[in-house]
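First comes the structure, then the notes that go with it.
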Amino acid sequence: MASSSGNDDDLTIPRAAINKMIKETLPNVRVANDARELVVNCCTEFIHLISSEANEICNKSEKKTISPEHVIQALESLGFGSYISEVKEVLQECKTVALKRRKASSRLENLGIPEEELLRQQQELFAKARQQQAELAQQEWLQMQQAAQQAQLAAASASASNQAGSSQDEEDDDDI
């Protein structure tokens, strides 16, 4: 098993991943912290064991990259043959997901439009959006100016009517 040196944290499964796995597997069971730590250590040791065996199989077949087949052979040689069917299912699911991702990323490439043309179209759309934004700002400014003018006219009108009322009162006082 791995020693408890400072570099071991880099060689273990993240604790959050183990906690999630435990919750999904045993949703109604409380698991003590030391039991969680034991699960982390067991998982880490299992991965080291399988990867070491897969590496040996890879080296024997004079390959430089460990393939899924090497991992499957390692499971078999270490006595974990009962896991192989499930491992193959998960491998197929992973390949399907990877293929979907590649297809999604290549959609842009398959449009048949060169990247320069796409960038030009994007710049046109940005320019159009800036123009629309400027027009909206101009309209808002004009509306504010009109509102200010109307407020000034209303204030001037009120002031004029107040002055006219004052003049009338003075004339009435003169008549007395």
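Backbone N, Cα and C atoms are what each Cβ position is placed from, and that goes for glycine too.
For reference, Swiss-Prot has these:
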MOD_RES   ALA2  N-acetylalanine
DOMAIN    12-75  domain 'Histone-fold'
MOTIF     100-103  motif 'Nuclear localization signal'
MOD_RES   SER105  phosphoserine
MOD_RES   SER106  phosphoserine
REGION    152-176  region 'Disordered'
COMPBIAS  152-167  compositional bias 'Low complexity'
MOD_RES   SER166  phosphoserine
MOD_RES   SER167  phosphoserine
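Remark: secondary structure over the domain 'Histone-fold' (12-75) totals 47 helix, 0 strand, 17 coil, with classes taken from DSSP. In terms of DSSP secondary structure, the motif 'Nuclear localization signal' (100-103) contains 4 helix, 0 strand, 0 coil.
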